[in-house]
Amino acid sequence: SLESEDLANIQRRKSKKGNSKGGEEVSGVQSEVAVEAEDELLHEYQKQMVQEEEMATVKKTVHKKSTTDKTNAAAQEVVALNNEGAKKKKKLRSSLDPERETRCLHEPGRNDTEIVETPRRPVFDDNLVLGVYIHRTDRLKTDLLVSHPMVKIHIIDEMTGQYVKKEDSHRPVSSFYEQESVEHILPIITQPFDFKKNKSTVPEWDEQIIFNERFGYFLQDNHEGPRVMLFFEVLDFMTMEEARANVDVDRHERGFRKIAWAFLKLVGTNGVLNIDSKLRLQLFCPPPRGKRQENIIEVVDWWRRYPRSRYTSTLYITVKGLKLPDHVDPSIRSMMALQQERGSTSFSELQSEITRKTITQPLGNKPELRWSRMPGQVCRIPNKPMLSFRGGQMGCFTIRFSHDGRRLAAACADRDAFPIIVYEIPSGKVLAAFNGHLSIVYDLCWSRDDRSLLSSSSDGTVRVWNVQRLQAIAQKVLPHPSFVYCAQYHPTAQGMVVTAGYDCLVRVWRVNVKDVNGLLLQEFEGHKSFINALCFDSEGNRMFSADNVGFIIVWRTSVDDSLHQRPCRHWKIEKEIGESDLNGLPINTLEVHPNGRRLLIHAKDSVVRVMDLRVLAVKKYTGATNYRERIHSTFTPCGSFIFSGSEDGMAYVWNAETGDQVAVYSELCYPTALRGVAFHPHENMVAFCAFGQSQPVHVYLYDRRVAQLEVESLKGHSRSGSADTKMFRNTSDPVTFQDTSGAAMDCFARAARLSMKMQRVKDKLDSVLVSTNLVVSLYDYSATRSDELTVQRGDVIHVLYKDNDNWWFGRLANGQQGYFPATYVELSQALKAQSALSEQTDLSVPPFERTDQSDERLTPTKVRRLGSVSAIVV
């Protein structure tokens, strides 16, 4: 416009006049005309500005236009500086003019005051929340006690010195589980940076911390909103001894060692916003710990009261507004207030999130694993520890491999829950933990396609779990009136389940129905005691059931597909097996041999039996101990070996064809009975479990190199076996973890047979030894349980082990074994019995010498002789 052009011309004239010192003089007439024109223009401009001020409706500080274009342009150039690009300008201008927000500019030669407007603060979207990104620090001071530092972030109101109050108390800001009673913003700690794991002593967290609070709420610069400061503490864990010493420290701070601290004002004193760029903060040393004051945040107290001693390192952070996603999936660790933390009931449930995506893939898309054992190949005895899983707090009751061998299910027990944990094989990762049972889970069974898992429990239910989708809630819950001890899927009809238990009935269910309780198809009677075991043959044509009194029933169980409503209508008893040796004995396990012609029977008499189903001939396998607990045994997939648990905490292996005991897993060292044994369907792998305080699940794998070393060691023993003493020592126990195929098979079998022969020699030698292992019954005792001995007065009992001070476990001369009361026997009378027995033996042990015919005591000479024989045997 004309006025602006005139003002610009006047300004140029005045600037030339002011800058030229001692220049040429302007003529008087021209000067007068210029001054008059300038005064007229200024008078008109001032009048116009007064009118504009009167018409303004909002009271605010305005910027009066200068009389020249130069001052007008200078006012427009006043803007806020950012942290990175204008640090030097910021320092220069603040040093020249500390009152930049409301500064006065005086033009030379005039008294007009110019008020510069404070730069307008940007407006932030209400959908943005506060995000603090912790990058790293420089190298920290060398300290052996600092090994995994972390950063704790506090959001403080500078005016009050307390945590900033939430804009909405119902809104979780720091944690998903914040209660409504929490009205302030809680601090958040990053994950520890482990020096050893990351192989670096320069902490690099690179972690985004999110506070779910409106970003603009933290950047207000008025009296109503908080004046926000961020405080950063570099911490590390301290030892338990240090934590106990710091009893006067607040319980939330007690377990941390303070390394350094830093602070940041989001809105600087000059109005600059310290956001949207990477900042480097100076770290300070924590002052000596003084007496703690109540309701005072320690790091704020350091900032206010103590002199700041610089720490030789800095912290790199970035503060910015973040837009949250519309949906946040649950995770193992909740990383923000909107992210739910799944599986808080158990650690196993947390781990299921890691592999959820891989498990939910279709089975056809899974990468095919190559197992070392080919189909039809003879199994080898696993000889090398591979994995060890932590089961429940009270151990594990039973375990089962899936048919594809990719998973291992374990029925565990905690103090207040009985979860079923599914592990991935061979990685050992926890895939899922199914919670729902209220008591011990006795049996597990995988469906043929491995998509479902069946579990039977003493809480009176059988539950069907969806393993493919890892659903935490059971798909089906089949109710029963009493304890359920066993449950099996029908091999060919996948929707059909057979259960049995305490009420002596066999029930058939259909589970592929909409009803959550399934459909009960039929109940079958036949047993007169509670049923402990069920099993099918591979075709599903026959089913075997066994009860607590040694009675076995063979059922015809072919499924008629034409009968949709009752496919088990034609099921019936085909045969009843009443083996005399099993009469009155509880049967723990039944399993059909892979060829379908033999049946494995594990009873509570320390004898594992294999029955030929064609002629009902029985072959016995001894060595394992089982009188009280529910112990499991199994065939290997090739049918060549039998694996069994034992009450002594060890696992025993027999050759199914010869009956020789070929291996003992003595290094398992379970303090309680080894209950569960499962052999992998496609790999030379076996898993063991025990029920007891924190007992793990052990998995062993066959290693050819270990087997070769054992064969070489066995050959070395055979070459050096000329000495009788060495022979007795090396053959008193069966060989462990031998290679059972190829050239080593014959050597292995010979060694096993030799071991059994030497065991019988050792038993003969033990029978003539005078020790506290032989006792004589002083009174008659009638057994009240199936695992007890009935003894008559004068019976000689060989004590195998002492269960406690009141009950011992022993063997009579006729071979019967069981428990008997320790108070019914006398140790000193055993010497007389042994003296009579030793005179009848043909071994080269001198007869007992007596000092007197009426004196039954041994002389010291005879004790030494017997001791020397005992040393040879042991």
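Cβ atoms are placed via backbone N, Cα and C, with glycine included.
What TrEMBL says about a protein is an automatic prediction, not a curated fact.
These features come from TrEMBL:
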- 94-106: compositional bias 'Basic and acidic residues' (COMPBIAS)
- 770-830: domain 'SH3' (DOMAIN)
- 1-35: region 'Disordered' (REGION)
- 85-106: region 'Disordered' (REGION)
- 434-475: repeat 'WD' (REPEAT)
- 477-512: repeat 'WD' (REPEAT)
- 524-565: repeat 'WD' (REPEAT)
- 635-664: repeat 'WD' (REPEAT)
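Counting only same-chain residues 6+ beyond the ends of the repeat 'WD' (524-565), those with a CB under 8 A from a CB of the stretch are 483, 485-488, 490-493, 496, 498-508, 571-579, 582-592, 594, 596, 599, 601, 603, 613, 630.
Each residue of the repeat 'WD' (524-565) gets a DSSP state, and the totals for helix, strand and coil are 0 helix, 18 strand, 24 coil. For the repeat 'WD' (635-664), DSSP puts the residue distribution at 0 helix, 14 strand, 16 coil.
Secondary structure by DSSP for the repeat 'WD' (477-512): 0 helix, 20 strand, 16 coil.
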